[in-house]
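Colleague: One structure follows; several queries about it will come next.
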């Protein structure tokens, strides 16, 4: 069995709460099937106090194996690290830094642990850092050149919160030594989910294609033009691998806020607002020339069926597609 320790740093615990919603199998069964022994988790373990510190000390000394270290939450470094301590007043960031250097694999669970997240926001004042990134800049607590004992850098399972499947699949791959460096993207996110876009599989794609837009949350149309949806930019498989097997932000009527991105919590981000330059949205598909997008948008809008134009600003699909009539040629 591979050993796993999960530490909670400066965060809300939302990724842990998401993990606990895993179904078929549940999170504990999934870990067992992957051959992983969960030695400690802040929401699941009875071990605490002196016993926990003794176990961590043994790992640092090499007397006990630590195969996978998961960290959830930003590493808080302001005030000499005293924003968060772990036993005896020692900064959590210091303990994490030492454990990372003896662990076979190091995993940042969530955007805060990966990139600093909310704890690194301009006005936070708590010195939040990611394990190996400060925003999109390599570095973080461990430094840009850090590699774990396996030879891999920190694996950034980014999201706010993370999909339980992203976490459990990543841990299973690491336990089997089946996640190579080539399986990570440029931000060290597992490519099995980060090579997808939230746009892929979006239930609003027909509205997107004809640029039939919603003007308020709850309406059926595309949310890019007026409500700040970043689904064409966001690297995640949320609409291919639904949350709880059934839903996603977009299926629930809410814009994608691109929570897997390094700048997710940055001050310039204004969720549910579409930024514009010269009257044009700036959150257009990143791999499409803007001039082409504008030209195709104009063409699409001129061909928008009345059904879509109406349904886009309705809270339900009032008008169904018209069945074909007459003989087909």
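Cβ atoms are placed via backbone N, Cα and C, with glycine included.
Residues or ranges marked as [4Fe-4S] cluster 1 binding site by TrEMBL: 12, 15, 112, 160. Among the features that TrEMBL reports, domain 'NADH:ubiquinone oxidoreductase-like 20kDa subunit' is placed at 12-172. Marked as domain 'Cytochrome-c3 hydrogenase C-terminal' by TrEMBL: 196-267. The [4Fe-4S] cluster 2 binding site annotation in TrEMBL covers 199, 202, 222, 229. Sequence annotations record features per position, and here TrEMBL assigns [3Fe-4S] cluster binding site to 238, 256, 259. TrEMBL lists 305-329 with the feature region 'Disordered'.
So where do these features actually land, and what's packed around them?
Modeller: Applying an 8 A CB threshold to same-chain residues 6+ apart, the list for residue 12 ([4Fe-4S] cluster 1 binding site) reads 73, 118.
Along the domain 'Cytochrome-c3 hydrogenase C-terminal' (196-267), the predicted structure has mean pLDDT 93.
Annotation for residue 202 ([4Fe-4S] cluster 2 binding site): spatial neighbours 208, 231, 239, 250, criterion Cβ-Cβ under 8 Å with sequence separation of six or more. In the three-state DSSP scheme, residue 202 ([4Fe-4S] cluster 2 binding site) is classed as coil.
According to DSSP, residue 238 ([3Fe-4S] cluster binding site) sits in a coil region rather than a helix or strand. Around residue 238 ([3Fe-4S] cluster binding site), the same-chain residues at least 6 positions away in sequence with a Cβ under 8 Å from its Cβ are 163, 198, 248, 249, 250, 256.
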Colleague: Would you mind splitting the domain 'Cytochrome-c3 hydrogenase C-terminal' (196-267) into helix, strand and coil residue counts from DSSP?
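Modeller: Helix/strand/coil tally for the domain 'Cytochrome-c3 hydrogenase C-terminal' (196-267): 9 helix, 6 strand, 57 coil.
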Colleague: Looking only at residues six or more beyond either end of the region 'Disordered' (305-329), which have a C-beta under 8 A from one in the stretch?
Modeller: 206-207, 210, 212-216, 218-222
Colleague: May I ask you to report the DSSP-based helix, strand or coil state of residue 160 ([4Fe-4S] cluster 1 binding site)?
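Modeller: For residue 160 ([4Fe-4S] cluster 1 binding site) - judged by DSSP and reduced to three states - the answer is coil.
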Colleague: By a simple count of other Cβ atoms within 10 Å, which of 229, 259, the binding-site residues in the record, is least packed?
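Modeller: Checked 229, 259; of these binding-site residues, fewest Cβ neighbours within 10 Å: 259.
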Colleague: If I take the Cα of residue 15 ([4Fe-4S] cluster 1 binding site) as reference, which of the binding-site residues 199, 222, 229, 259 has the closest Cα?
Modeller: 259
Colleague: Using DSSP with the three-state reduction, classify residue 12 ([4Fe-4S] cluster 1 binding site) as helix, strand or coil.
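Modeller: Going by the DSSP assignment, residue 12 ([4Fe-4S] cluster 1 binding site) belongs to neither helix nor strand, so it counts as coil.
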Colleague: Would you find the one among the binding-site residues 112, 256 whose Cβ has the most company, meaning other Cβ atoms within 10 Å?
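Modeller: The residue with the densest Cβ neighbourhood is 112.
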